[in-house]
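Taken from TrEMBL as is:
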- C:12-422: domain 'TRAP C4-dicarboxylate transport system permease DctM subunit' (DOMAIN)
- C:31-50: transmembrane segment (TRANSMEM)
- C:57-80: transmembrane segment (TRANSMEM)
- C:100-125: transmembrane segment (TRANSMEM)
- C:146-168: transmembrane segment (TRANSMEM)
- C:174-199: transmembrane segment (TRANSMEM)
- C:220-242: transmembrane segment (TRANSMEM)
- C:248-267: transmembrane segment (TRANSMEM)
- C:279-299: transmembrane segment (TRANSMEM)
- C:319-337: transmembrane segment (TRANSMEM)
- C:349-377: transmembrane segment (TRANSMEM)
- C:404-428: transmembrane segment (TRANSMEM)
Amino acid sequence: GTAAAQTTLKVSHYLPPVHGIHTDFIVPWTEQVTACTNGEIQFEIFPGGTQLGNVAKQQEQVLAGVVDIAHGLHGIPRGRFPRTSLIELPFLTDDAGAASETLWELYPDHLAPEYKGLKVLALHAHNGGLIHTSDKKVETMDDLKGLRLRTPSPAVSAMLTALGATPQGLPPGEVYENIQKTVIDGTVFPWDPVKSFGLNEVLKYHLDAGAYTVPFFFVMNERKYEGLSDTAKTCIDEASGAALVAKFGDWWDKWDAAGRQEAEAAGHTITALSPEERQRWRDALKPVTEAYIAETAKQVDDAQAIYDAMRAKLAEKGQQ
Amino acid sequence: MTRILAPLRALVGAAAVAGVLAYAAAALLTVADVVGRQISMPVPGVVDLVQLCVLGGAWLVIPYAFLTGAHVGVDLVVDSFPPPVRRTLRIAASLAAVVLLALVLRQSWEAFGMQLMFGDRSQQLGIPILWYWVPLLAGVALSIVASLLTIIDGIKPTVQESAA
Amino acid sequence: MSGGMIGFLGFALALGLIALGFPVAVAMAVVGVGGFWLLNGWTGAAFILGSSPFEAIFPYSLSVVPLFVMMGVFAARAGLSRSLFDMVNSFLGHVRGGLAVTAVGACALFGAICGSSLATVATMGRVAIPEMKRHGYADSLSSASIAAGGTLGVLIPPSILLVIYGILTQTSIGQLFIGAIIPGVLGAVLYGLAIVVRVRMAPHLAPPVARSTWAMRLRSIGRVWGVALLFALVIGGIYLGWFSPTEAAAVGAVGAFVLAVISRELTRQALKESVRETAALTGMIFFILIGASLFNYFLETTGLPAALIRLIEESGLGPTAVLVLIMLFYIVLGCFMDAMSMILLTVPFLAPVAAALGFDMVWFGILIVTVAEIGLITPPIGMNLFVVQATQPGLSQRVVVQGILPFILADVVRLVILASFPILALWLPSKMF
Ligand code: NA
Ligand code: NA
């Protein structure tokens, strides 16, 4: 038969090709679209470690048309997605499934303005992050006093400062040697990167605080999308959106489980934050949350409304 | 001629001094943090500051490397060529560098504009992205100047030879 | 024309430009941008032109480059390195090649803390080559000793390359660190042997000096307290957990400056020259990093590395033949890329091949890092050869290349030994874990 003209789309992301994001999510997604279009759409993937795998450039690459599709972190560089980043505020959610769906449901009415030029294929967020330490066991707020902890985002830095710890910005690849040399006392991460960066070798204590999450985007260049055939557009739509977002809860559980099992096998101490202590942290962090929203409101008029909408959606999903 | 060129050379030299001072600042900030954290007085956002000093310092010294011909190359083949050919090749290489740097300047300016529009700031301290781009753009522009100076220097011996 | 073919032509063109005397960084950048333009249009070229000058220098881990260079420059200016080499000379000067062997050992030690080959060569080249020259050593021997010695540090923990490999392949970083110690020491010993053999064959390369008396030796020990203090501070501080290896560069730079001031050798003129040296050397290294980044963008989109690996994978050859092919592949790729880019770019494709052949991943990682570093000293294009050349004004690449052959032979011997006896890499980890 006469095959339609082939189009090759470039996909980039910043995680190593052994990561679940690559093996469970992006590769199968591209295969699904290729099969659905009978081979019309092919993909070339550039994972972390390649020149196109720089975490800070994912959004720009898509906008510039250097790649067609990218998966990246909203928080790096910071401040580009102030609306979406409100999900990072402390104690909003500790569940990847609920957080991912909330983002997707709020996207059309509340978050869309910050994705100009982008066709948003999916938004998601990881399970509640933990506080991992090497020598000092953390159970209460007082244990955090003076600890130097690596943090992923300004929201988490503000949270740690309010709780008495010293936040330290550091590239994820440098965390291992800095913990090993006791330059920092630990790091704030979900379970998954603890395994992918080999950190269980240098950590001993894990406090399951469930205190924060971090959002991720999966986006396509809008003009490129509009220029595709109707079949291709339909296939991409079918593979993306709500159907894709719904998968992230289980995926994150699976990716995190590997890190937790590794820690358990190594005989580490894993503690959950007690309900009373959790309330103490919440109370202590109220001013941080308010200040962060006020700061965001300088850029985004309805920051408070978006935060409230996030809380309401998450409450519907049984969070808090 | 020298009256125009000497100040340009001095400018490249001054940028290099500023660049090395930026490195020194990175070193002092790190040492202050190392000492400070022993007494619970760490330097906040030291990684951000070191990155700023090193990126800025690097771009301020790069023009000097162009001016002094510090950029290394392979002389194995070229050494066997007659001097006029060698000189022509040297000038061709400098011209290639000028074209390349001009393109870098133009596109870096665009990238800077885009990041300015996004309101980008450094990850921990929120240092405005402007601080990173100003030394970078100045360094690229000065590198063009430095390459042009080396071209002028490269042509000069020919003049002397023909005069002799 | 296929992407792989364009990749080959790009290699050839860059090599041609370099042979015609274009600076390495400029040749790589021009070919990288031009090739990327050809393959991805102006939008693509425009993007990398605006991105590489920032992103190639931005990583925090690169701060070790300028700071260790400063440490080396001040240490040399303060006469610290002079007193060190005088001491070594008083003990070993009567042994032919003794200073070069010592320089290799010092490189291994310094590389161990600094973790960056380029920074090691830039620092030790500045410190050691003038001293060897002063003692009558030929430039070819002294410069090649430093270029080769600079490759040793990556195997001695901490090593950022092993961390990256561990992350990419999900191999224990701790086991990699421990496993790399014996291969690293083996490398240093073989380099030492290479020097001894070379000097026996060509004695004029390293003239001996009269044996020193014990009184002279003791006096020379008395003068090295400054260097001893600096090294003890930098290395001890890392192992005591006072600072990370990255931060050690800053401590070393400030420490060397303070010692230079105390020694009263840091005159106004000496300070000026220190600034000039630091600027020229770091400017050149950083611009090479930018050129390499632009070239790597191009190389990646041609799909050449991936195509070559597929070729190896589908060759149907046995484990030994595949291992040999992989080694050759890395040595060739090492012509253009720094070890870090090579590992990031190729290990994701190679690791499954290695696993399928039943290779132990710790052993394989140590082999890969070893061979990736060898690319740095193989002509025509080896980054360490260029950096060592840049540390000595007037030193020609021809002279450096003349001296490097014995070290490449030593590396080949090391690879054969490591490939034949995996136990060398696996014995220590088996005791510790
Ligand atoms: Na090392
Ligand atoms: Na090479």
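Placement of Cβ uses the backbone N, Cα and C atoms for every residue, glycine included.
Take the transmembrane segment (C:220-242) and the stretches C:100-125, C:279-299, C:404-428: counting Cβ pairs under 8 Å, C:100-125 has the most. Three or more CB pairs closer than 8 A are found between the transmembrane segment (C:349-377) and the transmembrane segment (C:174-199), so contact between the two stretches is assigned (pairs 6 or more residues apart). When each of C:100-125, C:248-267, C:279-299, C:319-337 is scored by its Cβ pairs under 8 Å to the transmembrane segment (C:174-199), the top-ranked stretch turns out to be C:100-125. The stretch from C:146-168, C:248-267, C:404-428 with the most CB pairs below 8 A to the transmembrane segment (C:100-125) is C:146-168. If you look at the transmembrane segment (C:31-50), the same-chain residues 6 or more away from its ends with a CB under 8 A from one of its CBs are 3, 6, 10, 13-14, 17, 291, 293-299, 301-302.
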